[in-house]
Each structure stands twice: as C-alpha cells, then as structure tokens.
Amino acid sequence: MIRLFNHQPSTTSRLFWRSCVTRYHYYSTEKPSFDGTTPAFSKIACIGTGKMAHALLKPMITTGFHPAKDFTVFDVSTNLMEQVSNELGVQTAESIPEAIEGADFILCAVKPQNLNAAFFAEFRKAQPHPNAILLSVIAGKTIDVFHHTHINKIVRSMPNTPAQVGEGMTVWSCTPNLTGSDRNLIQTVLSTCGHSMYVDDESYIDMATSISGSGPAYIFLLMESMIDGAVHMGFPRDKATTLVYHTMLGSTLYAMESGEHPAILRNMVTSPSGTTASALYELENGKIRTVIKDAMWACYRRSLEMGNHDSNVGPGRSQTPHVVHAATPDSELSSDDEEVVRQR
Ligand SMILES: O=C(O)[C@@H]1CCC=N1
C-alpha cells in the first residue's frame with residue numbers, strides 16, 4: 001500500500017507549500033508486488049552491470065515484475081557480469097548485440113565515458129524488437145545521444161542509490177513517441193525500486209542530478225559529520241550512528257507528514273536563547289546554505305558538461321537556466337499520467 005499525504009492546508013502560503021511537497025512525495029509502506037501472469041516484456045537486456053544496474057534489476061525480479069529468466073545482461077567486465085548473474089539468476093551475453101537481440105526493453109547503464117562510437121557501432125549490429133524501449137540511467141547523456149542507436153523510443157532517467165532498498169527517487173523524460181501505455185510501463189518499472197517523477201523538459205534531469213541523483217552523497221556526508229562530531233564529544237560510534245540515522249529519518253517523515261515548510265519545523269525546535277539557536281548561528285556563520293547551493297550548481301554544471309552542453313550556468317555566470325528552460329516539470333502531463341505519478 002502507498003500512503004499519499006494530502007492534508008488540508010489552512011492558509012494560502014501553506015497551500016502553496018503543500019502543493020509543492022505533496023504533489024509527488026510519498027512514503028511507501030509496502031513495496032509493489034506482481035503476480036507475473038502478464039509479463040510486460042518478452043526480453044529485457046541490460047548493458048552494464050554496475051551498482052545502478054544492480055539496484056534497478058534486483059527489484060524488478062524480487063517484486064515479481066519479471067522472472068530472472070527474461071533478463072540478459074552484458075558487461076565488459078566479465079567478473080562483474082558473472083557476479084550479477086550468479087546473484088540474480090539472469091542470463092549473460094558475450095556481446096552487446098547478443099544481449100539486445102530481440103529485446104523489447106533495454107536498460108543502458110554503462111559508464112558515461114564508455115558511451116562512445118565503438119559502443120554505438122556494437123549496438124547497431126543487433127536486431128532488437130521493433131518496438132523496443134531503451135532506458136538510460138547514464139548521468140549527463142541526453143536523449144539525442146541515443147539516436148546513434150537504431151532504437152526510436154528513448155527514456156532518459158536519473159535514479160539514485162536508495163533504489164537499493166526500494167526507496168529510490170528517479171526523475172525521467174522520454175521521446176514524444178512513447179505512447180501512454182509505454183509511459184505507464186516505465187512508471188511501473190521504476191515503481192519496483194521506489195518513487196518516480198516524469199519531467200517533460202529533459203533539462204530538468206541535469207538539475208535533478210544535483211538534487212536527488214547526487215543528493216544521497218550530500219546526506220551521507222552530513223551523517224558522517226554528525227557521527228564524527230558525536231564521537232569527538234565522547235559518544236560511542238554505534239550509539240551516535242543510531243541517533244543520527246533516526247534523526248534524519250524522523251525529520252524527513254515529520255516534514256512529509258506534517259506538510260509544513262522546513263523553516264517552520266526548524267523554528268519549532270529553536271527555543272529563545274537555547275541550544276539549537278547556538279548551533280544554527282554557527283551553521284549560518286559557515287554559510288551552510290550558500291555552500292550547499294554552490295555544490296548543487298557545480299553538480300548541475302558537471303552534468304551539462306558531460307552532455308557537451310553549455311555549462312556556464314549559475315550565480316555570476318552568463319547563462320540563466322530558468323529562462324532557457326521555461327516549462328514546469330509536469331506541464332505536459334495528461335490527467336491520466338498525473339494520476340499514475342500520484343499513485344507512486
Ligand atoms: O557522480 C555521478 O556522476 C553519478 C550521477 C549521479 C550520482 N552519481
């Protein structure tokens with residue numbers, strides 16, 4: 001069952017904030033499961049068997065979305081490929097063409113630097129299903145790049161590593177030729193490893209890379225810093241780790257469930273002349289907000305660079321991305337699509 005938080009706001013500003021936070025954000029209390037009686041695809045190929053590929057493949061199998069026998073994987077690293085095959089029970093291929101031969105769903109999870117002319121030359125040797133959909137999880141690489149393949153239906157996505165525990169957040173966009181049912185299918189695939197958000201303008205994926213894609217690394221750094229701070233004071237590391245994990249998890253659930261703006265929740269912790277005020281003073285003195293925003297801009301610029309796009313964006317730079325990309329993330333969704341998005 002999926003819980004959707006949809007409380008009634010009491011003021012205009014709360015209405016605005018809540019419309020931002022409840023539109024897509026959910027906490028799933030149970031993972032989806034499938035009975036396997038109506039398989040969505042005839043063959044699923046996965047090129048690249050690194051961490052992200054593993055994070056997406058495993059739940060597709062464990063939720064019963066597709067049996068392991070329907071998957072064929074290929075990786076230039078035979079060791080890695082064998083490891084994934086042994087763990088998940090999927091078939092292996094000796095080449096990219098062998099993996100994608102007859103496949104109607106192709107997961108492309110190679111490293112960005114390996115998406116080169118040689119890769120595409122290999123790719124074009126195969127005969128995938130004529131109606132095949134290719135889903136890329138490769139950072140920075142735009143949909144255009146995949147026109148070097150002979151696949152017409154392309155999905156570009158940016159997942160994140162919490163997909164490993166079914167709490168991923170994947171942002172995705174696609175070529176206009178994906179039908180409504182193709183898009184629903186993509187939502188379903190992504191639902192096996194967590195939450196998803198469709199964006200009609202692919203440039204939002206570069207921005208999302210700096211939010212949800214790389215975001216887990218920022219959170220882990222914050223976790224580490226708090227744990228180390230606690231140890232510095234004399235707290236046992238395991239106990240400190242428990243306190244930090246539950247503080248992060250509890251704060252996130254509280255923010256989502258209350259629907260309040262984080263500033264309101266922060267003020268509620270902060271007593272006059274109290275301990276939190278002292279801590280917040282130091283954080284602001286260290287320019288924590290600007291440091292975080294600068295890090296996100298750097299991440300966004302790097303994603304644009306990896307796609308060979310003009311990356312001169314951000315404070316004090318020549319490009320203003322919000323002018324270039326005027327659409328909103330969901331402006332082109334049909335009401336049916338929106339419903340699908342809401343249900344995840
Ligand atoms: O660091 C990277 O390039 C990838 C993309 C998002 C998360 N990791």
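Cβ atoms are placed via backbone N, Cα and C, with glycine included.
Listed in TrEMBL for this protein:
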type	residues	note
COMPBIAS	333-344	compositional bias 'Acidic residues'
DOMAIN	43-139	domain 'Pyrroline-5-carboxylate reductase catalytic N-terminal'
DOMAIN	202-306	domain 'Pyrroline-5-carboxylate reductase dimerisation'
REGION	310-344	region 'Disordered'
Task = Write out how many residues of the domain 'Pyrroline-5-carboxylate reductase catalytic N-terminal' (43-139) are helix, how many strand and how many coil, based on DSSP.
result = 41 helix, 18 strand, 38 coil
Ask   = When the domain 'Pyrroline-5-carboxylate reductase dimerisation' (202-306) is classified with DSSP, how many of its residues are helical, how many are strand and how many are coil?
value = 90 helix, 0 strand, 15 coil
